[in-house]
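Copied over from TrEMBL, here are the features:
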BINDING   C43, C46, C80, C83  Zn(2+) binding site
REGION    181-330  region 'Disordered'
COMPBIAS  240-254  compositional bias 'Basic and acidic residues'
COMPBIAS  270-289  compositional bias 'Polar residues'
COMPBIAS  290-320  compositional bias 'Low complexity'
Amino acid sequence: MSERKVLNKYYPPDFDPSKIPKLKLPKDRQYVVRLMAPFNMRCKTCGEYIYKGKKFNARKETVQNEMYLGLPIFRFYIKCTRCLAEITFKTDPENTDYTMEHGATRNFQAEKLLEEEEKRVQKEREEEELNNPMKVLENRTKDSKLEMEVLENLQELKELNQRQANVDFESMLKQYKDYEEERKRRELEEDETEMKAMLEQAQSRRFLEDSDSDEEATQVPSRSGPKTKPTDILQEDTEPQSKKLKTESWERSVGKLNSKSQLAGLVTVKKQTPGSTTANGVGKQTTQQSSDAGSWSSSLPAVTQPPSAAQGSSLSLLGAYSDSEDSTSD
């Protein structure tokens, strides 16, 4: 089975194209084509305006017995969009345009009429000059005279404009040039001032940084100057600031008990003899009690009772115990 869409078909060897029957169609047959209105027109029946570019389904036919240089002329039939009246126009290959034939009038076109008039005058002039050489000379003199008049009118118009304008273009250009130079000079001065300000600001910042670094360098040795010995750090007060504050508040409320002047009246010195056993026993007992009191005071927490207060309480107990011994011995 052969292909459906092919470019070349098979022709048998005995094929004779003259034997093919030809379809006889009338010469004035019509085709339905889609076209646009080639110009503005107005219907004669209802007065409806049909503008250029309006689309129609038109009937097309070939005009009989009319040819232009072997080119056929076609006629188109359209209907008015309002009253459906038939309008016909045909092609004009001589002027590359269309001509109105029936059913409507072509709207006024001044440009086209002017061109037609110029063509007609030019054609008449050429016909006259072809047979009359004196007419040629007259036309040339007329053309030169007309050209001179046109130049004179143009010169008068220029002078009139100069009188009314009074504009000196050279001074205007010079003024504009001076203005541009002044503007450029001002911009350069502004740039220089900005650069100077930025440099001064940067130098001032450097001076401030240098002065701050010098002050820090001088302050660091002064702080470490008093500590000349390595063992001085051991003599510093290592107690925290919070403990010092608590101790000061305790001393203000109760009083200092660890000073020698206050403890001098509480403790009495007892003279011991080598032969007295009771005194040795009492001395041993007092030393043992004092050691017990010291251990009890050291076992107390540091937050509730400061060390100085604990020492003062233990000494007060020791003084009271020695007083009771003296009374019993007496």
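Residue numbers in this text run from 1 along the chain shown.
Cβ coordinates are placed from backbone N, Cα and C, and glycine is handled just like the others.
Source: prediction; values computed, not measured.
Within the same chain, the residues at least 6 positions away from C46 (Zn(2+) binding site) whose Cβ sits under 8 Å from its Cβ are C80, R82, C83, A85, listed in sequence order. In sequence order, K44, T45, G47, E48, T81, R82, L84, A85 are the residues of the same chain, not among C43, C46, C80, C83, whose CB sits within 8 A of the CB centroid for the Zn(2+) site. Of all the binding-site residues listed here (C43, C80, C83), the one with the fewest other CB atoms within 10 A of its own CB is C83.
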